[in-house]
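Student: One structure, pasted below without further comment.
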Amino acid sequence: MVARTWVTGFSASRLWFRPCRQDNVVLTRVWISDTEDVWKAAEITKDYKEGDPVLHLKLEDETPLEYRIGPKDPLPFLRNPDILVGENDLTALSYLHEPAILHNLKVRFLESNHIYTYCGIVLVAINPYEQLPIYGEEVINAYSGQNMGDMDPHIFAVAEEAYKQMARDERNQSIIVSGESGAGKTVSAKYAMRFFATVGGSAGNTNVEEKVLASSPIMEAIGNAKTTRNDNSSRFGKYIQIGFDRRYHIIGANMRTYLLEKSRVVFQAEDERNYHIFYQLCACASLPEFKDLALSSAEDFCYTSFGENIFIEGVNDAEDFEKTKEAFTLIGVKENNQNNIIKIIASILHLGNVDICSERDGDSCHVLKEDMHLKHFCRLLGVELEQMEHWLCHRKLVTTSETYVKNMSCKQAGNARNALAKHIYARMFDWIVEHINLALHTSSKQHSFIGVLDIYGFETFEINSFEQFCINYANEKLQQQFNSHVFKLEQEEYMKEQIPWELIDFYDNQPCIDLIEAKLGILDLLDEECRVPKGTDENWTQKLYGKHSSSVHFQKPRMSNTSFIIIHFADKVEYQCEGFLEKNRDTVYEEQINILKASKMVADLFLEKEVSGSSSSSSKSSRINVRSAKTTPKAPNKEHRKTVGHQFRNSLQLLMETLNATTPHYVRCIKPNDEKMSFMFDSRRAVQQLRACGVLETIRISAAGYPSRWTYPDFFNRYRVLMKKSDLTKSDKKLVCRNLLETLIKDSDMFQFGKTKIFFRAGQVAYLEKLRADKFRSACIKIQKTVRGWQQRIRYRKILKSAILLQRYGRGYLARRYADQLRLTRAAITCQKQFRMVRDRQAYLRVRQAVVTIQAYTRGMYTRRIFQEFLLHHKAMVIQKNVRGWMARKKFRRARNAAITIQCAFRCLRAKRQLKQLKIEARSAQHLKKLNTGMENKIVQLQRKMDDQSKELKSQNEQLLSANSNLGSEVNKLQKELEQVRIRHGDGNQLTSLQEELERLRAELRESHEQNQRQEAEHSSEKLLLTQRVEELEKENTLLKSDKDEMNHKILQHSKSTEDQESSACQRETGIQKDLDDERLRYQNLLKEFSRMEQRYDNLQEEVSLKRGHRRNPSNQSSLESDSNYPSISTSEVGDAEDAIQMVEEMGVEKAAMDISIFMKLQKRVRELEQERKRMQNNIDKMEELTKSKVTERRNLTSQDEVADLAYNSFKRQELESENKKLKNDLNELRKNISDKASDGSTSNELQESYKLLLNQLKEANEELDIRKEEVILLRTQIVSGSPRPEQNGHIVVCEQESNVEAEVNNKKPPLDKEEALQAYQELSESKRLLEAQMQTMSRQHKDELEALHTQIELLRLDLEKKQEALNYTMSLSPEAQVEYSVQQEITRLTNDNLDLKELVEKLEKNERKLKKQLRIYMKKIQEVAPVSVVDSSKARPEMTRQVTVQRKEKDFEGMLEYCKEDEALLLKSLIADIRPSTVSATVPCLPAYILFMCIRHADYVNDDEKVESLLTSTINAIKKVLKKNGNDFEMVSFWLANTSRLLHCLKQYSGDEAFMTQNTGKQNEHCLKNFDLAEYRQVLSDLSIQIYQQLIKVAEGIMQPMIVSAMLESESIPSLSGVKPMGYRNRSSSMDQDGSGPSTYTLGALIRQLGQFHSIMGEHGLDPEIVSQVVRQLFHCINAITLNNLLLRKDVCSWSTGMQLRYNISQMEEWLRGNNLQQSKAAPTLEPIIQAAQLLQVKKKTSQDAEAICSLCTSLTMQQIVKILNLYTPLNEFEERVTVSFIRNIQNRLQERNDAPQLLVDTKHTFPVLFPYTPSALNLENLHIPASLELNFLIRV
């Protein structure tokens, strides 16, 4: 034994520092210890030299840190490359140490949500505290048959490994699931058992696997409870052995339990619960069946309320109780036993509530008399109340001489009561386990078993007691076994690979185990103290201190004398000694047990224990210490002397022996946090559990040797970049790898070469990865250098070429610019010359113009000066005149104002006087003043207004006067000027002309002024009109806009409603199509299940026959009843047709269409009528034969009229037969049309119309059959009435020929009278029946007419309502919409009328064809009647037969084959049983089908129904037997699928139904069946075709399944593209067959060749192209499903290179489809999910734009699948980046809107519904050639 330290275990990981480049600085990444996160990542910032005391580090948050290094502080651990982070197997890491393991588990759990990880042979399972969709049946199927390591880590992979090793090595296996409470042990064990139940299901009907799974809810209810760490903690250990037979089917199971925590029954800690069963029962206490239990809420009982929390979030106790009861029923526990168990549980609850009261002395106690809980306890268990009440408070003491009854104190009585409750529960627990074992027990011999051990993990609490001591003791034993097994596996691996083996020291916990279980160990001292009469826990503790204080694994606490410390392999644990002795003794008083033994209900719990003793199969978790009640002492039971510790040690020893005899598989469950939060990782808790469960010890053992292992091909593929070019061409890869390693790694101890693998020390793979990365980096640099140089040269050439081009264009531009300059210079000179000339001329002209202008202005100035002088003189005179007038007016106004002033003063004086007078008057008339108050104001206002108007008038007068004076002065001035002008010119005529001109100008001025006014008036009026018009237009415009908006809104609504209707119609159509496909798929699954059950039945029959021996069956016994799955022609009567029709009318056509029983009733009624018609025909035939014989004997006495009547009657009968056949054919045609429409996916309306037509036709058929029956009865009556005389005469003649005595007797009168009376009576009865039939017919017709009238009235009423609705709708529309709606309605009406007329024409044409057909039949029969009559009259009967035979031989071959009934077995043997597809490969495809149909045609031609039925039945059964015998032969299954479908098509093509005759030739129509309707056999053949198709798919998938993964994902279709990563135990030898060379490797070419072979075989056999397309589609779905499922479960293939390979492989598959013209087969769309998965592996995964592109790209993948692929995505080298968690969360947020199914994997068992479209054959049967190799010489061509 060596000390367990990390330095020695992982010293190899400190050999060198891996550099990584960051900002052009080489940094080395390391792990340093941390108090919070246990380990923290850092980088070395400064080179380290040996001997430096400090290592300069930088943390991830850029914080600098100085890490001290010394003897006690070693170098930090190195970090693994990023490419290795997140590996499936921890042993694949280059550096194997604690921080690397913890970081890898944390990354996988938090970032990728992977809860399973391999650690060598151990599966580490982290509890996610969340339901994950990774345990479905499709996941089980994906892991079944796979090697461990090929898929992602999973509990199913471990289970498959155990199952495979059991089958291969024929050695028992064990799966050991361990972990602390809440880590998920129970769930892991449950899923492992579910895997075994699914993969190794029972072969028979025993349903053992269901019982095994049903035991889980029972054990969880009675053995699991809520703790502070786990809501469903197993409080016991169990080991379940699942037994298998030689075929490795489950045949039984057995369960052993360990150390039930009984103390939980009577006490629970805070926030914990008792066992689930108590709360489940209390939750259902209100149910009627549990009223007598007197239960209530769990809060009301002491035993369930200590934890103060009776509920678990998300758990429904009532529902769980129902599941528990169902599980009890499933495993076979009877109802009364279940009730007893419930009563026991309820009694324990009542026992806990019994109130024990203390007496005054304190040494005794009593129970209250009225205690109801004690009464309920005694009533439920059936014990005596007085005795239980007495012995709860007393106990017996037995000595050698006498017996004492001693009182117990209240505390002692409470402890005794609790002990009794624990004991009862423990016995009930054991009883349930025993009954579960009985239910799982089998009488068959067990060949091997797989054990699943679900046991408690290492536990340490604040207070650790006896239970924790036993649990940790068991874990010490298991850890020892685990260490030795790991060491053994490592040694076997090295020995097998033949490499030098050095002993590896590993931690051995044997000293700790010896401390516990050795002689005078802890358990021995505990048992010894228990045997001491007054032993105490303190005495036992002192003994431990004295005995084991020197032990390394034992310590005494410093501050306590009642506890001790044991140093376990996982941790130090301090145990409190209080209660150890009591729990070890487990004392229960015998008096109480004896009372329970007297009960009928619970006596079995105690008696059975004593009988079974220690030989019980299950290890009991509790024992009883019972003292004898007799006076004489008896030897105590050996079982009672055993303490709990002794029993536990023995059961643990037995368990270890079992485990050592098996091959163990380990599952270590880890609890990530104590808060039960989903996907939250607490590093400190995880490290504690990793240390405790032995995972780190496994790593240490691996790291001490050669942990990294590579196969030679993988190493060659991974590191061939480090090899020389010459080494790559060598064929011996081992030699190349050896030379390379010897060159790269100088220390030979760092690696070893095995037979198939290379073994490396820790860190060497990282070194090789560094060299590989450096090589890639140098190669990248060289590539970059070369590419950049090439780019620069290209750029220089481009620049040089551009410079030369620019120079050329520049020089040309300069030359052109110089020439332009010369031209411009010349042009400038010319322009300057012209410009100067023009400028000088313009200057001259400007000077000249200026001079002229100056002269003109000067002369004008002088003239204006003279005019101004004259004007001034005139103005001065005007001013003088005005001034003088103003002065005169001023003087006049002054005088006038003075006069006015005087007048005003006088008037004012007078007014004042008047005012005084008025005031005096006003005082006397005050009321008048009040009345006229407002008038004064009005007067004043009017006065003011008048004054204002007068002022305005004065001002206007003054203005008028001034204007007149101005005008007068102007007139005077003008007159003066006129005079002057007259004087100056002296011409008088000018004056008159000027006056006239003045008058004219005035007139024009007035006219213009008037016109102006008129225009203004017109303009204002026009403006007003325009304004009004504009307002009207604006109003109209607003109205039009509102109308337009309303119309647009209506149009949008209409378009939306139209789109909604279209979308709803499309959805409805797709829904109907989907429902139809689902219905077909359901029907085909039923057929598949039926074939499976039939196969199972046959297997059972074979087994029974083998057990009973060979018994010969009778030769004439038919196998029709056991082999055929269809109704025979002679089926029993089901019901009456009229009742069925009435039922259809009552239920409705649509419901009746779905009720197949009604349809069967109608079919049976038709068969009944046909049988009645046959019976009547036979009677008529017999009567005709009798008549013919009598006519022949007395042909001389018969007249020609009677012969004609007989011929007419015969013709009439034949006509009736033909009519009956026609009716039968019509009915079958309708039936077939309905079934074909239903199979072709017809809508409900078409189905309804078909059923209406069927009902009408059935009614008509019934009526016509009744009429035909009546006519037949009439004919019989006529025949009977017309033949009395011949019968009588014939009878006399016969009697005369026989003997004279009889003739005399017969010629007597009385017999003749009796005969006549009998004949008359018969005639009367016949006529009576005829009249009754006529009356029934008339009443039926009357009812039909009434129904027709009612129907017509109802139709008219509905039509009227529809027209009323249409009218109301039309009136609510606008005029335009009314016109459109009316046109639409008219078009609809005309279309319906046209369709009705078309249907009428078709019906008329159909009737015409029927009449023509009947006419041909009649003509043919008339032609046949004449020769027959001639033959009857001329020759005897044998000669007639020979003549007919000769006539048939002279006819041409009609495509029929005749055979004798005795040759039927030979025919089927030659055509079905012994035939091989190769024998008929050169002939017509489907030749057996054609030959069988030609034989059926002949049987139909001769009207032999038994022959037809026998041949078809035997054919179907023979095909089934051949397929059963050759069930795995694809060629044979394809051959018979083609022949079965062709036989089905032939039965349709030649059935005579017009629906199948449209593509027939005239000759083929003549070959149609005449007499029989084989619709039922067509349905049977259709079902058989579906079964063969399913078998074909199963065979093809079975052949292809091993090839798919290797071809699509693993083979290198593009060479040297994929890289190989370091793998741990992937494809390790223990997972593969040792005898073979491992699994076969298939390439894509092999898969495509296999598909091509399938396609060519189906084509050669003549299988319909539509069926071939469906087969290819199904196979492509299988390829897609298996490939995608493996991609979703394998981390190693989720890389960019795999995506490239996969995309190339899919393109090759699509190319194969195009090459075989299968583009329309819908096979390519089935590959869409895997195509999108390949694209997802290849696209960028960084930015939000990439996330959006992924969401729009991956439409065929679910959100779970996309996220899973992104989580699994693995870079193959360090230059490729990982997918970040934020990017994955972004994808999840974007895909939340999708309503995807929660299923992760694709259903590989999904089958598309198959359709067999009708494909008629163009082959003429008469041209068919039968090869002689078939040896069918007994067939006769007809």
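Each residue, glycine too, has its Cβ placed from N, Cα and C.
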Student: Please identify the range among 43-73, 1159-1189, 1283-1313 that TrEMBL labels coiled coil.
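Tutor: TrEMBL lists coiled coil for residues 1159-1189.
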Student: Looking at the ranges 652-674, 1779-1801, 1802-1824, which is given as region 'Actin-binding' in TrEMBL?
Tutor: 652-674
Student: Output the one of S181, T186 that, of all these binding-site residues, has the highest number of other Cβ atoms within 10 Å of its Cβ.
Tutor: T186
Student: Under 8 Å Cβ to Cβ from G179 (ATP binding site), same chain, six or more residues apart: give me those in sequence order, or none if nothing qualifies.
Tutor: A125, K185, G457, R668, C669, I670, K671, Q689, C693
Student: Can you name every residue in this chain, apart from G179, E180, S181, G182, A183, G184, K185, T186, with its Cβ inside 8 Å of the center of the Cβ atoms of the recorded ATP site?
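Tutor: Checked against the 8 Å cutoff, the neighbours are N127, N230, S233, S234, G457, C669, K671.
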Student: Helix, strand, coil: count each for the residues of the region 'Disordered' (1054-1073), based on DSSP.
Tutor: 20 helix, 0 strand, 0 coil
Student: Which residues in the same chain, at least 6 apart in sequence, have a Cβ under 8 Å from the Cβ of G184 (ATP binding site)?
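Tutor: Spatial neighbours, sequence-distant, of G184 (ATP binding site): A125, N127, C669, K671.
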Student: Fewest other CB within 10 angstroms, which one of the binding-site residues E180, G182, A183, K185?
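Tutor: Comparing Cβ neighbours within 10 Å for the binding-site residues E180, G182, A183, K185, G182 has the fewest.
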Student: Taking all residues of the domain 'Dilute' (1513-1793) together, what is their mean pLDDT?
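Tutor: Reported value for the domain 'Dilute' (1513-1793) is a mean pLDDT of 84.
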Student: Please spell out the DSSP helix, strand and coil residue counts for the region 'Actin-binding' (652-674).
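Tutor: Tallying H, G and I as helix, E and B as strand, the rest coil: 9 helix, 8 strand, 6 coil.
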